[in-house]
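Report on the following structure.
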Amino acid sequence: MGGVGILLLLLLAGLGVGEAWRPPKGKCPLSCSCSKDSALCEGSVDLPEILSPTLLSLSFVRTRITELKAGSFLRVPSLHLLLFTSNSFSVIEDDAFAGLSHLQYLFIEDNEIGSISKNALRGLRSLTHLSLANNHLETLPRFLFRGLETLTHVDLRGNPFQCDCRVLWLLQWIPTVNASVGTGACAGPAALAHMQLRHVDPKTFKCRAIELSWFQTVGESALGVEAFSYQEEPYIVLAQPFAGRCLILAWDYSLQRFRQEEELSAPSVVSCKPLVLAPRLFRRPARLWGGSQLWARPGPDLRLAPLQALAPRRLLRPNDAELLWLDGQPCFVVADASKAGSTTLLCRDGPGFYPRQSLHAWHRDTDVEALELDGRPHLLLASASQRPVLFHWFGGRFERRTDIPEAEDVYATRHFQAGGDVFLCLTRYIGDSMVMRWDGSMFRLLQKLPSRGAHVFQPLLIAKDQLAILGSDFAFSQVFRLEPDKGLLEPLQELGPPAIVAPRAFAHITMAGRRFLFAACFKGPTQIYQHHELDLSA
């Protein structure tokens, strides 16, 4: 006889089962054997037939009970022991044992149970012994044992548990509970088959997923998008060349969506770079034709107004701009894509920003990226005529440091930091875009990703996820996530629906506790996606 059987005989003896058998008060079904305060049923039996409110123990062995519904035992509230062995039911519903506040022993063994509802055991506040052994359970719902503070013994052996994210909570619960737990072994997946549950390391599970789903559309096309904060309120600004404006969006707290806040005129604009120097807000639109201007808002209650033209003789066809701080002063670097112009560093001097240094003349620069390496400011310029060139800040000016090998035809560069390393995303229109890592003296190739009409390869840190989005003019844009263990970008999802058309820039913003991704598109409207975290262990 098994240990549970011996335990059961001892329990029944303690409950008075050794006395002469006689029917309890009320009706004893024909398929049951009844004594003063116990009943043992087998074969065909209907639960509502068990009417005696004074029963202390109740057993069902090889019955034809098909399900345990909510409130199945409300008529026997005094039960101390309830046993199910070798029955045919497969589901236990929420509140199946409601009203059994005195129940101490619950044995549900050798049945065909494949699922149990998360609130099935609710209300069993006196339960000390629970056995779900030898059923067909592949997982257990989270919080199944919530409120069972008196448990001292739990037996889960003999179930074909799938040791995936669905049992993560169970693995975390076992070492924290003040009870002995018989867990049994994993039936799957193959890598964990036959391993004892208590030996599975919960830290190896990856049970958090993310998803970017469509949220809103902003009608006009855009070449650039930037997020900024002013007066402790977050905003988004879009560079909309066909509408001839920089459009500022704010959050509408009543409608729970983005709305237009303000716009400034900027024909053929390619970039709208914000700069907040409290209490002033500066905006630097770079225009394909007409040079680059600086707008300023002197205070929170005033509107943006033109302040100055920026280096009109040097910036003939600005294509990109970045903000950086040098020796405690705010500066802009503007990449110029014309043959006669020059990429220029402009720094604040009095009320405006004025040229401090010309960089990389005659190279038709398409992109500039500001970054810090080895504790010093650096610039990386991408050009239509040569490989990206790295400059470092030395002696009050930028000096050429090196170029990036094996990086021909790079349109744009963006960097990010992870695990103490600096990574670089290099965009190539056709061929392979690249991921590189700084080794202390040079950026070295780490990974190649196929490009099909890419103008942007944008890294973004959203919550705790390091993402990178590779845009495409001819296919779906791909979202990648950095896997810290591998140090590589792994595919996460395609962006859409709706599909974005000719993306040129991405930015993210946190608004009212929600995280959003903006995709600025050259041949279609700007699309907004919401970032969702998914718990696969739920």
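Any Cβ shown, glycine's included, is placed from N, Cα and C.
Straight from TrEMBL, the features:
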- 159-208: domain 'LRRCT' (DOMAIN)
- 211-253: repeat 'EAR' (REPEAT)
- 303-350: repeat 'EAR' (REPEAT)
- 352-395: repeat 'EAR' (REPEAT)
- 397-440: repeat 'EAR' (REPEAT)
- 442-484: repeat 'EAR' (REPEAT)
- 488-533: repeat 'EAR' (REPEAT)
- 1-20: signal peptide (SIGNAL)
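Here the repeat 'EAR' (352-395) is broken down by DSSP into helix, strand and coil counts: 0 helix, 31 strand, 13 coil.
The stretch from 211-253, 352-395, 397-440 with the most CB pairs below 8 A to the repeat 'EAR' (488-533) is 211-253. Taken as a whole, the repeat 'EAR' (397-440) shows an average pLDDT of 94 in this prediction. For the repeat 'EAR' (303-350), the number of residues in each DSSP class (helix H, G, I; strand E, B; coil) is 0 helix, 30 strand, 18 coil. Across the repeat 'EAR' (397-440), DSSP classifies residues as 0 helix, 30 strand, 14 coil.
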